[in-house]
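**Student:** Sharing the feature lines straight out of TrEMBL:
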COMPBIAS  402-436  compositional bias 'Low complexity'
REGION    397-436  region 'Disordered'
TRANSMEM  77-98  transmembrane segment
TRANSMEM  105-138  transmembrane segment
TRANSMEM  144-169  transmembrane segment
TRANSMEM  176-197  transmembrane segment
TRANSMEM  256-278  transmembrane segment
TRANSMEM  285-305  transmembrane segment
TRANSMEM  311-329  transmembrane segment
TRANSMEM  336-353  transmembrane segment
TRANSMEM  359-384  transmembrane segment
Amino acid sequence: MRHPLAALWSAFVLVHLLLITLALFGPGYPLGDVEVVYRGWAEGAAAGNIVGVTENFVYPLLALVPVVGALALGGPAYLGTWFGLITVLNAGAFFVLLRTHRPAAWWWLAFLALLGPIALLRIDAVTVPLCIIALLGLRRLPLWGTVLLTIAAWIKIWPVAALAALFVASKLRWRMLGVAAAVTAAVVAAAGALSLARGSGIHVLSFVGEQAGRGIQIESPIAVPWLWQAVLNVPGSFIYYDQQILTFQVAGAGTAAASAVMTPLLALVAAAVLLLGVRAQRRGVGWLAVFPPLTLALTVTLIAVNKVGSPQFISWLAAPIILGLVLNGRAWRTPALLALALAALTQLVYPYLYDWLLVAHPLMILVLTVRNLLEFVLLGWALFTLHRLGRSGRPARDRFTTKPLTTKPLTTKPLTTKPLTTKPLTTKPLTTKPLI
């Protein structure tokens, strides 16, 4: 008899084989970060030059764990080991998802296939399954879910969106904040001690400065005006490659000012989104209603209001969308479809037709413009949902709080007694038998 999950697991294998095949033999070169950059970091760490410890690092420190771990079978096998690592992590998240919501599992497979090989070939691919497992486990194990989210945030910063949403929505916010702070303190202390032991400065927070100093990446929404200027051959507007950050960026009048403004703007927009969540929470809306759209809104904010627009950022959407589908089902059909469209347009841009983007081909700039506009449509849906929740003030249904005790009036029935009736005692004459 065929196992009921056989089709899903078969599809999981086929999707991952498809992505690996496209990465190896498809147009473009999506392997560069893993084969060149990550492997270089791993081999450098093996030689004693540890990014994040002895020198600055563009990612949070725990990104070194998968980067160095993929070197376990040697340099020549680095890419294959990386594929195996990501596939195993995705399988773990897929297993957890199958226990809660099979339609969401089908959606995730479609999302991965539409996003393409970039779904496996960046450090973000490590954090997405970790976040899916953490978000799905929060109802039963809230503190362990917080630990996993914090670890994921120390690999790539974006899971801080889920942590911030959790702090707003959950009644256990202070305990969860304490857990996240403890994990963070352990990472910082260990990294600092290792840096000092090697006689170098402390570099554990260097990723903050590395990100803040970046220019405007060509895939980001804020880059669109300068991309169209490049299409129209406006003097001074062009695309260039940053040798330090290893990304393509836009140049033109006003790009320096826009780059300087984007980080504070991102913080302001994120704060405004959090206030919508606080409003809903204070009006009695339960955490199960507030948490999914708040997590989605913060995640999309990190993508859309960002001067860095790497294609792998779209992979972040999987975790909050899956959470929303599991908890709310059909009510999340719109964001689920929008995320699929974003994934498909992203794969069209990278890696297959990326060369068209680099020469500012009008058709490719149009595709990228539509993709970026859809990010704001998705953000608008999440913000509208939060606003509606705060306005309606639904009754709270919090897994971590006790429900009010409802009592019914005690009704008593009158005690009815029956008269005691006694039967007269009848005795028989005592008869004895002769003793033989």
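Glycine too: its Cβ is placed from the backbone N, Cα and C atoms.
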**Student:** Would you kindly list the residues that approach the transmembrane segment (105-138) from elsewhere in its chain, counting only those six or more residues past its ends and only Cβ-Cβ distances under 8 Å?
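**Tutor:** For the transmembrane segment (105-138), the far contacts come to 8, 11-12, 15-16, 18-20, 22-23, 26, 30-31, 33-34, 38, 59, 63, 66-67, 82-83, 85-87, 89-90, 92-94, 96-98, 144-146, 148-149, 151-153, 155-156, 158-159, 162, 166, 295, 310-323, 325-326, 336, 339-340, 343-344, 346-347, 350-352.
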**Student:** Between the stretches 77-98, 144-169, 336-353, 359-384, which wins on the count of C-beta pairs under 8 angstroms to the transmembrane segment (285-305)?
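**Tutor:** Going through each listed stretch, the top one turns out to be 144-169.
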**Student:** Mind checking which residues of the chain, 6+ beyond the ends of the transmembrane segment (311-329), have their Cβ under 8 Å from one of its Cβ atoms?
**Tutor:** 97, 100-101, 103-104, 107-108, 111-112, 115, 118-119, 121-122, 124-125, 127-128, 131-132, 135-136, 158-159, 162, 219, 288, 291-293, 295-296, 299-300, 302-303, 335-336, 339, 342-343, 346, 349-350, 378
